[in-house]
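Below you'll find the structure, written out as structure tokens, and then a few comments.
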């Protein structure tokens with residue numbers, strides 16, 4: 001009956017084959033494929049290695065005990081990150097579908113997992129491209145000497161230094177006032193920033209025109225900055241602080257939560273992009289080796305970026321400390337004191353560096369700390385252009401992977417969209433630009449923070465929890481390992497079975513619980529820039545913003561239960577139709593007689609009938 005093309009799904013039967021992956025490959029011969037293995041690896045690395053490796057990982061490492069955080073991160077990467085990454089690679093390569101098709105294949109009730117992945121990807125794409133727009137703005141301003149953030153501007157009328165700049169710093173003033181022209185809080189929306197709107201349009205145009213980009217350039221730039229940074233005063237102190245372990249932080253639950261969250265973000269778990277990329281692989285590709293290789297490259301990139309960041313922060317901290325010392329010496333009339341080298345290290349021990357660079361995170365690291373340091377470099381426009389070109393490259397490579405996480409499953413599941421790939425890509429980018437105008441208001445940075453902190457994190461963990469349940473408990477780990485064995489020609493270690501079924505699931509449920517408890521008891525807050533005091537302050541989100549946060553989380557998670565309920569209702573309705581029931585009974589009788597006729601024929605001959613629950 002299967003070979004004859006009879007549709008048995010509505011009567012509780014499904015056609016299957018023990019050849020699984022091989023037959024899937026032949027059934028899907030028209031599916032596009034990578035030109036080479038190196039192209040696939042570069043694309044996968046380009047997606048997983050992004051801006052978070054440059055600013056989120058170094059910040060977390062700095063705030064949570066340096067080397068101790070690295071050890072904790074490596075532990076969670078090995079125990080949770082690599083197994084889940086391998087699971088997504090194997091699922092995509094075996095089933096050869098995007099995120100929606102993969103989970104529908106496992107069970108029609110679980111198709112909502114793929115739609116939730118698409119929603120999370122869309123959220124991330126909206127605000128991620130704004131960061132690319134910021135990088136374009138800074139790169140454009142780097143083609144002038146001196147750099148516009150080297151010195152404070154003067155007031156044209158009074159010929160005095162602008163007060164806001166004098167009270168903060170040239171780099172902070174340029175970022176908050178010239179680039180963002182930011183309001184004092186999220187409640188003051190302000191008008192649209194025309195320059196940033198143009199940069200956002202340019203960023204989306206680049207994404208629409210180019211859906212593949214080199215992944216090598218960021219490494220070249222990072223190594224150049226590493227070599228240049230090692231020549232800076234304070235570089236050794238910064239590196240020492242980075243690797244000095246404070247093991248007592250392991251007792252802090254929040255550090256575990258942050259390390260686990262970073263593993264999710266670093267590997268791109270739950271987005272669907274990993275599945276989308278691996279679905280274009282040859283069916284016998286060694287996805288286990290790919291999982292280990294990409295994970296190792298990702299971690300080493302984070303370490304390389306952290307070295308550059310800590311060198312820069314060490315230089316910045318020493319300059320701040322020397323200014324503090326100069327003011328202290330001047331105020332106490334100790335003008336003959338000279339602090340440098342070993343004398344500086346004696347008066348200001350290693351722990352002083354923690355105080356000097358507090359709060360340097362994310363955009364603040366890239367657009368304030370780095371810009372401040374590059375202003376001291378000879379030929380500063382060159383270094384500035386190189387740095388922001390690297391950020392642009394990192395952002396675009398991740399953005400292309402994110403878009404694949406949206407487009408591939410939609411094209412796989414909706415033939416009309418699949419036939420109009422270009423139109424779908426351009427339309428998605430246009431929609432992203434229109435919604436992204438929210439982030440080009442004067443208060444846009446606060447919305448970027450909101451999306452980054454809440455719209456992706458919790459839904460992402462929920463998606464991966466359901467992915468793991470689908471593979472480990474619905475499909476079955478033994479069955480999944482059988483499929484992988486057919487693909488790889490060898491069976492992965494049995495430890496993956498227990499990691500998927502118990503360790504990863506427990507770790508993710510704990511992470512979800514810790515994140516929810518922190519959100520409830522601490523309350524969502526954001527950092528705002530106060531123009532009058534020229535300083536940052538922490539504010540609570542207003543009621544409408546809290547409602548927006550809840551809506552973002554609910555909308556991203558809603559497809560999972562909706563799809564499950566829809567599938568249940570559909571199955572009950574189909575079974576209650578008399579004519580179809582009669583057809584089902586007749587086909588069951590035919591199936592029994594046909595199986596009896598086959599007698600001892602093994603199902604390995606390319607034909608099998610699989611009973612599912614309720615049949």
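Cβ from N, Cα, C; glycine included.
Keep in mind that TrEMBL annotations are predicted by a computer and have not been checked by a curator.
Range annotated as transmembrane segment by TrEMBL, chosen from 365-383, 422-440, 441-459: 422-440. Looking at the stretches 386-410, 586-610, the one that TrEMBL records under the feature transmembrane segment is 386-410. Of the listed segments 220-243, 292-315, 316-339, TrEMBL assigns transmembrane segment to 292-315. Within the same chain, the transmembrane segment (422-440) stays apart from the transmembrane segment (70-91): fewer than three Cβ pairs sit under 8 Å, each pair at least 6 residues apart. Taking the C-alpha positions, the distance from residue 49 (Na(+) 2 binding site) to residue 394 (Na(+) 1 binding site) comes to 7 Å. Contact check: the transmembrane segment (292-315) against the transmembrane segment (70-91) gives at least three Cβ pairs closer than 8 Å, residues 6 or more apart, which meets the contact criterion.
Long-range contacts of the transmembrane segment (460-477) within its own chain (CB-CB distance under 8 A, at least 6 residues past either end) are made by residues 84, 87-88, 91, 103, 106-107, 110, 113, 116-117, 120, 264, 269-271, 496-497, 500-501, 504-505, 508-509, 511-512, 515, 557, 560. Ranking 112-137, 263-280, 386-410, 498-521 by CB pairs under 8 A with the transmembrane segment (70-91) puts 263-280 at the top. In terms of C-beta pairs under 8 Å, the stretch of 263-280, 386-410, 498-521 lying closest in packing to the transmembrane segment (112-137) is 386-410.
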